Amino acid sequence: MLLKTKKFLIEKLDLNIRLSLVIPFLIFAIIFIVIPLIFIFVKAFTPISEVVDGEVVVNDNYNLINENLWNIIGRSVWTGLVAAILSLMVALPYSYFIARSNNSIFRVAGLSLIISPMFILTLVRVLALRGVSTAISGNEALLNNEIFLIIGMIYVYLPFMIIPLYTVFRDMPKNIINSSEDLGYNLFMTFIKVVLPYSIKAILSGFVLVFLLSATSVGISHKLLPNASQTQLVGNLIDTFAVPANIFKVASVSNVVIITLALMTLAYLLIYFIPRLIMKLKGFKNV
């Protein structure tokens, strides 16, 4: 009976068994991603009215779209980009050397050093960083700046850059490194000419992941900085208006969510797909 059912699904319905494994994810995505996004779009463009002194007043859903909002979005994009770039600069040599090491103990220790903090609650790590930094600086007010915010982002999200790079470097064939050395390249030129093009997918994936996590972060700036309102990110703005669950504030903040979603999607396309397209046009095969 089972074989007949399988044959019917494959031959009659043209259903690929491997593709059928995607069905649970599609159901999850529809319930928890698509439907909430539809709700946000509906709320953003639905006028909300209330009765004030016997008169019906229609609230402006776009009252949050002002110069302050664009400043906050710009700060979010700026800090996210800087955090992603610095994370990449740290992760590239670190992941390369631990992945290519012949000492298994060194590899395990180096990777555990990055992964083990992820088992600790993010909020606890952020508060610990704030406590240590306050003890070192002696004045908590000195921490209320974008530099310390970026340091916190790197501290929290660096593993998301290292892990994909480590996976690629670990599985990279040794013969391409040896061939590069035979052609006369030194270690630095081998890294630039061979290693970087080989790991471009992992670089772009890690960069996009760290950028999006940093730019839309809520807890880091809220718990890390002494006065988060002075260095507010777009995630904090959305959280501020969404938490009270006021229907008028939810309607207004839905527009902020749509703008943020559009900008982050555009940033994802620019960072991930455009470089890959350019490299394909130039003849690179491993993209």
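Cβ atoms are placed via backbone N, Cα and C, with glycine included.
Heads up, TrEMBL stuff is auto-annotated, nobody curated it.
Here TrEMBL flags 73-272 as domain 'ABC transmembrane type-1'. Annotated transmembrane segment per TrEMBL: 21-42, 77-98, 105-127, 147-169, 190-215, 256-275, in sequence order.
Counting Cβ pairs closer than 8 Å and at least 6 residues apart in sequence, the transmembrane segment (77-98) and the transmembrane segment (21-42) reach fewer than three and form no contact. The list of residues near the transmembrane segment (256-275) in space but at least 6 beyond its ends in sequence, with Cβ under 8 angstroms from a Cβ of it, reads 37, 40-41, 44, 64-65, 69, 73, 77, 200, 204-205, 207-208, 211-212, 215-216, 234, 237-238, 241. With a threshold of 8 Å between CB atoms, the same-chain residues lying at least 6 positions outside the transmembrane segment (190-215) that come near it are 76-77, 79-81, 83-85, 87-88, 91-92, 96, 153, 157-158, 160-165, 167-169, 172, 176-177, 180-181, 233-234, 264, 267-268, 271-272, 275-276, 279, 284, 286-287.
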